[in-house]
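S.K.: This is the structure I want to talk about, given as structure tokens.
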Amino acid sequence: MMDKKCTLCFLFLLLLNMALIAAESEEGANQTDLGVTRNKIMTAQYECYQKIMQDPIQQGEGLYCNRTWDGWLCWNDVAAGTESMQYCPDYFQDFDPSEKVTKICDQDGNWFRHPDSNRTWTNYTLCNNSTHEKVKTALNLFYLTIIGHGLSIASLIISLIIFFYFKSLSCQRITLHKNLFFSFVCNSIVTIIHLTAVANNQALVATNPVSCKVSQFIHLYLMGCNYFWMLCEGIYLHTLIVVAVFAEKQHLMWYYFLGWGFPLLPACIHAIARSLYYNDNCWISSDTHLLYIIHGPICAALLVNLFFLLNIVRVLITKLKVTHQAESNLYMKAVRATLILVPLLGIEFVLFPWRPEGKVAEEVYDYVMHILMHYQGLLVSTIFCFFNGEVQAILRRNWNQYKIQFGNGFSHSDALRSASYTVSTISDVQGYSHDCPTEHLNGKSIQDIENVALKPEKMYDLVM
């Protein structure tokens, strides 16, 4: 019941945010990109003229070129025979701000004039020299991101349908899976909205509406939820195996608080700090250390989770080596999936600060980071659902029943149903042990359950 209420609440918030962003986008569409660029240039021109008037007059000996405004950038006094240099402006989308602009002061103390026009000239050619390649790479990364989140949403929704439809899958660990999957679905939806409606809408970013900041706040909050629900998975397994030694039930209320409630704290602190100390338009810039308010707790959650999982493996290998050997093997299967996911979901925070230098290295880095960041939902659903032995057994059983019911040319249908029941029962027992071992054993050993499961098969042999 709580899952359904949380789902409806989050979907309502997402739809409301989408409507606000769409309304702001239509309202700001009248202000064209050209108008935004013109405002930037006029602001830079005003600041340049103020600087020209306020800076002290050049007192040094020798010839020099006077300070000037060339129409796009402001230039200081430069000694004759030198070349002045600064970064390209960000007025235009096809300009690369990491490239350089040059302006030459000749030996006579005059700014260089272009021979074709006989007018003072600044070399902006490098600003869009490699624009075509960079735009192509940016588009590839954009489509890679959208496809990744689209596949993640599709796979996660299919997984949630499977978990909700098959009641035999209901257990506490599957409940944690459902919440983890739902957090990834919400995060992917918000990311797609942010990339399509905010990040690529220069007019909307220029107007700086509240809705785009709300979108960024929700995005950062849901990103935190992803990692803290992964922490919940690790804590659950650690409590089940190490602390309570295969306890039957745990109170999930604390997991809901940690997974959905705690990420609100860093998200709110970041929003307050951002509005006070780095209140850029739509909070879209990543060039601020305030993002450590979000990334710090996430890294801490990953480290704690990794510690829990390694401790679980230690216990399963040592303490349960002699006793509960069969159970320890089954628990190891459940731990293995989480142990694989934690490094994969956390590697982006290890690689993020170490951006390599060089054109090819940077491009490879961008592709790897985008795959690691935007295909997480697909990875989570694949490991926790599609590779889950219990899910595979349930789907296999229903597929076999479907073939028996609707297939043609089968004889002895009653016997085949009995055989299908026998196979599915064995598969279900083995599959249940993968994710919910203690909740399905009910105090019996593995051998006892296998003996019960084999009884229909023996009866089938007698009938045949």
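Every residue gets a Cβ built from N, Cα and C, even glycine.
What you are looking at is a predicted structure, and each value in this text was computed from that prediction instead of being measured.
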S.K.: Which of these, Cys9, Cys48, Cys127, shares a disulfide with Cys88 in Swiss-Prot?
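M.R.: Cross-referencing Swiss-Prot, the cysteine bonded to Cys88 turns out to be Cys127.
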S.K.: Based on what Swiss-Prot records, which one of Cys9, Cys48, Cys105 is disulphide-bonded to Cys65?
M.R.: Cys105
S.K.: Would you confirm whether, in Swiss-Prot, Phe112 and Val364 belong to the same side of the membrane?
M.R.: yes
S.K.: For Cys74, what is the disulfide-bonded cysteine listed in Swiss-Prot, choosing from Cys9, Cys48?
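M.R.: Swiss-Prot lists the disulfide between Cys74 and Cys48.
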S.K.: At 10 angstroms around each C-beta, which of the recorded positions Asn129, Ser286, Thr288 has the fewest other C-beta atoms nearby?
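M.R.: Output over recorded positions Asn129, Ser286, Thr288: least Cβ neighbours within 10 Å is Ser286.
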S.K.: List, in sequence order, the same-chain residues at least six positions removed whose CB sits under 8 Å from that of Asn66 (N-linked glycosylation site)?
M.R.: Asp77
S.K.: Could you check whether the transmembrane segment (210-238) packs against the transmembrane segment (140-164) - three or more CB pairs closer than 8 Å, residues at least 6 apart in sequence?
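M.R.: No, these stretches are not in contact.
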S.K.: Taking each of the recorded positions Asn118, Gln250 in turn and counting other Cβ atoms within 10 Å of its Cβ, which one has the fewest?
M.R.: Asn118
S.K.: To the nearest whole angstrom, what is the C-alpha distance linking Ser286 (site 'Required for ADM2 interaction') and His295 (site 'Required for ADM2 interaction')?
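M.R.: Pair distance, Cα basis, whole Å: 12 Å.
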S.K.: Measure from the Cα of His295 (site 'Required for ADM2 interaction') to the Cα of every one of the recorded positions Asn123, Asn129, Gln250, Thr288, then give the nearest.
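M.R.: The smallest Cα gap between His295 (site 'Required for ADM2 interaction') and any of the recorded positions is with Thr288.
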S.K.: Take the C-alpha atoms of Asn128 (N-linked glycosylation site) and Asn118 (N-linked glycosylation site) and report the distance between them in angstrom, rounded.
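M.R.: One finds 23 Å between the Cα atoms of these residues.
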S.K.: Given the recorded positions Asn118, Asn123, Thr288, which one's Cα is the least distant from that of Asn129 (N-linked glycosylation site)?
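M.R.: Of all the candidates listed, Asn123 is nearest in space.
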